[in-house]
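**Student:** Before we start, here is the structure in question, set down as structure tokens.
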Amino acid sequence: MTEAMKITLSTQPADARWGEKATYSINNDGITLHLNGADDLGLIQRAARKIDGLGIKHVQLSGEGWDADRCWAFWQGYKGPKGTRKVEWPDLDDAQRQELDNRLMIIDWVRDTINAPAEELGPSQLAQRAVDLISNVAGDRVTYRITKGEDLREQGYMGLHTVGRGSERSPVLLALDYNPTGDKEAPVYACLVGKGITFDSGGYSIKQTAFMDSMKSDMGGAATVTGALAFAITRGLNKRVKLFLCCADNLISGNAFKLGDIITYRNGKKVEVMNTDAEGRLVLADGLIDASAQKPEMIIDAATLTGAAKTALGNDYHALFSFDDALAGRLLASASQENEPFWRLPLAEFHRSQLPSNFAELNNTGSAAYPAGASTAAGFLSHFVENYQQGWLHIDCSATYRKAPVEQWSAGATGLGVRTIANLLTA
């Protein structure tokens, strides 16, 4: 390993020879980042991306001004999916170093898991990785159940079974119970539900290559809520939380589900499938039914659910939907505290009725007459939340993954959302 490049911080502008807008400069001692007080964390992250682009793979964060948030901003921009990087961290107090170490362990797990090829990360592997992560931070305070294949059908998990039956890799439901109270009868404070589609071809409503090539990341919601629970535990979560991951491949085969199929759920809802590429909501419905049965104070689901959310927000914000204004406000406050980008999009009662079917109670996709695709998807999910008007948040994870690098991120997963959800759980 080469000698480390020193990275220092300065509140003074760069020498004029570097240009009026220079955010970093290079000298005999290393690289200096020039903070301007306007968006220092963003500046650090963008500079780190440029430093990585220069091929510098060993750095030392040196001098005054570094804290956990600034170190983390550097790492978010510096980390990439290829090669190895080494950072020598500055001296931090014990609490800040522990916070940084937990972010490095858990949010890097989220990014690496989302980036993993679908060939090595199927439904069972995703569920087991989630169990391993949570068990590592929670020890014996965790119990779990994994249900897969035909057992899902026999137990009534018809959405998950229907979507996943076309793959040779069985669909899987992970139900994990984090109970730090030691009381088996303790009330459940929150339930987290994640979409874990480990590869999404679109099924018979097949995607074009340009839309399929990133679909190893369609389990980003499951990874995000798993990371959020783990991170909340490291921050002292002392309430009971249950995690439900709905994991499957969405593939084409002689056994795959088809347009016109009707799925009957355990809550009595019948859904006509008119787009096999709107599969995420079909598997989440099973998880939301289980979550509702726990009678928690809050339910949070996370999913890379719609292209419509990305059309509205790009890859820069997660989309938030809720009927509960107070709870939505709390999550947005948590996002602000954690410097993570969330934006609330509309969800109204009329979105719940914009999924008409001639043969069932619901269609799994909105018709051309109702083009608000992200809102109608949230409206669909609300039919599987018992008390959907209170205590329920839906996150359409549009900021989970980037197909190409940008000035502050490498290509691949971002890990955004983990800290916000953990903040809300521990508030």
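In case you wondered, yes, glycine gets a Cβ from its N, Cα and C as well.
Below are the features I grabbed from Swiss-Prot:
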type	residues	note
ACT_SITE	K207	active site
ACT_SITE	R281	active site
BINDING	K195, D200, D218, E279	Mn(2+) 2 binding site
BINDING	D200, D277, E279	Mn(2+) 1 binding site
**Student:** Checking your reading of the structure: which of the recorded positions K207, D277, R281 lie inside a 10 Å Cα sphere centred on D200 (Mn(2+) 2 binding site)?
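**Tutor:** So far as Cα distances go, the recorded positions lying within 10 Å of D200 (Mn(2+) 2 binding site) are K207, D277.
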**Student:** Please report the distance from the Cα of K207 (active site) to the Cα of E279 (Mn(2+) 2 binding site), rounded to the nearest angstrom.
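**Tutor:** Given the Cα positions, K207 (active site) is 12 Å from E279 (Mn(2+) 2 binding site).
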**Student:** Of these recorded positions, K195, K207, R281, which scores lowest on Cβ atoms within 10 Å?
**Tutor:** K207
**Student:** Give me the count of other Cβ atoms within 10 A of the Cβ belonging to D200 (Mn(2+) 2 binding site).
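**Tutor:** Total other Cβ atoms inside 10 Å, all chains included: 27.
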**Student:** Of D218, D277, which of the binding-site residues has the most Cβ neighbours inside 10 Å?
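**Tutor:** The largest 10 Å Cβ neighbour count belongs to D218.
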**Student:** In whole Å, how far is K195 (Mn(2+) 2 binding site) from D277 (Mn(2+) 1 binding site) when you measure between their Cα atoms?
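**Tutor:** Given the Cα positions, D277 (Mn(2+) 1 binding site) is 14 Å from K195 (Mn(2+) 2 binding site).
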**Student:** Beyond K195, D200, D218, E279, what residues of that chain have CB atoms within 8 A of the centre of the Mn(2+) 2 site's CB atoms?
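**Tutor:** Apart from K195, D200, D218, E279, the close residues are V163, I197, M215, M219, A248, N250, G280, V283, A303, T304.
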**Student:** For the recorded Mn(2+) 1 site formed by D200, D277, E279, name the remaining residues of the chain with Cβ within 8 Å of the site's Cβ center, in chain order.
**Tutor:** V163, I197, S201, G202, G203, S205, K207, D218, N250, T276, A278, G280
**Student:** Roughly how many angstrom lie between the C-alpha atoms of D218 (Mn(2+) 2 binding site) and R281 (active site)?
**Tutor:** 12
**Student:** Round to a whole number and give the Cα-to-Cα distance in Å for the pair K195 (Mn(2+) 2 binding site) and R281 (active site).
**Tutor:** 8
**Student:** Once near-sequence residues are set aside, which residues in the chain of E279 (Mn(2+) 2 binding site), 6 or more away, have Cβ atoms under 8 Å from its Cβ?
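**Tutor:** In sequence order, V163, I197, D200, G203, A248, N250 meet the Cβ cut-off.
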